[in-house]
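> Structure incoming, see below.
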Amino acid sequence: MAVTAEAAAEMVLERRAYARVGLLGNPSDVYGGRALSFAIADFSATVHLRPSPELLIQPHPHHDLVAFPSLPQLSGLSGSSAIVCAALSCLLDFYNVRHLIKVEMRPNLILNAEKELGIVAGLQDRVAQVYGGLVYMDFSQGHMDKLGHGIYMPLDVNLLPPLYLIYADNPSDSGKVHSTVRQRWLSGDDFITSRMKEVAQLALDGHKALLQKDYTELARFMNKNFDLRREMFGDDVLGALNIKMVDVARSVGAASKFTGSGGAVVALCPDGDSQVERLRKGCQEAGFVVQQVKVAPSVLTDEELSSLLLAS
């Protein structure tokens, strides 16, 4: 019996996962630290799933790039994890098993799938995309060993001040992919371990600042986060273009840091509208795109949110 076009359309699932901004704490999520991140509605990955006799991945003919100048250009706003997250969401609903997979464990599934592709990363991006909205995360080893996942706390997105995303339309230099930081951390290097603990502490302090809406302190923490990353990784790894985006924001007094490992920058203008205008002008003169961030709301269902409350 032939399947009608209407029936076939009903069998197609579409799920979306948003890009994320690491506000504080990155990259300590890879090192048993903490993070404060949120999903943004400005950019997203959409996956369509339909029944097929064979496994076939069909990239969009215009929007799905299959070649990138560097790994950071693929994952500066967590693009790779967004694709996997949206695909997982499709599969959970297609097989009707969403209720069987704990929300807290889904980021692990996404990261494990990416590891199969050779992508080295932490759980921060995946948590932000599975949960949506604004999330405080604690990846302390004790939690990971006991629970198999970190402690993830959804927060009210209205706690966030206006934030701005800066990126280059035609990126040419995103730094080198490889660094010695992970190997030095694994070998117990005092400099790296102490700096990484400082970065993790910034997420905890930033969480408190957000609850108090102390945006002056938040701006200070953002700047400190970038400074510590620069100390650990060095300019060659970070890349001249990425550093220039931060410098342009700081030249007008705005706080700024990477959204992830590079490729985009998040900025906070604690002095208000006049500072925002100076930021826009500075970015335009430098050839960068700047836009106000639209925070994506939580993507969890009421049942999933209830399960989190029961677990806590």
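Including glycine, each Cβ sits where the backbone N, Cα and C put it.
Got these off TrEMBL a minute ago, pasting:
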DOMAIN    70-133  domain 'GHMP kinase N-terminal'
DOMAIN    208-279  domain 'GHMP kinase C-terminal'
> Go ahead and report the DSSP secondary structure tallies for the domain 'GHMP kinase C-terminal' (208-279): helix first, then strand, then coil.
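Summed over the domain 'GHMP kinase C-terminal' (208-279), the classes give 46 helix, 9 strand, 17 coil.
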> For the domain 'GHMP kinase N-terminal' (70-133), give the DSSP counts of helix residues, strand residues and coil residues.
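The domain 'GHMP kinase N-terminal' (70-133) comes out at 46 helix, 1 strand, 17 coil.
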> Express the predicted model's confidence over the domain 'GHMP kinase C-terminal' (208-279) as a mean pLDDT, rounded to an integer.
96
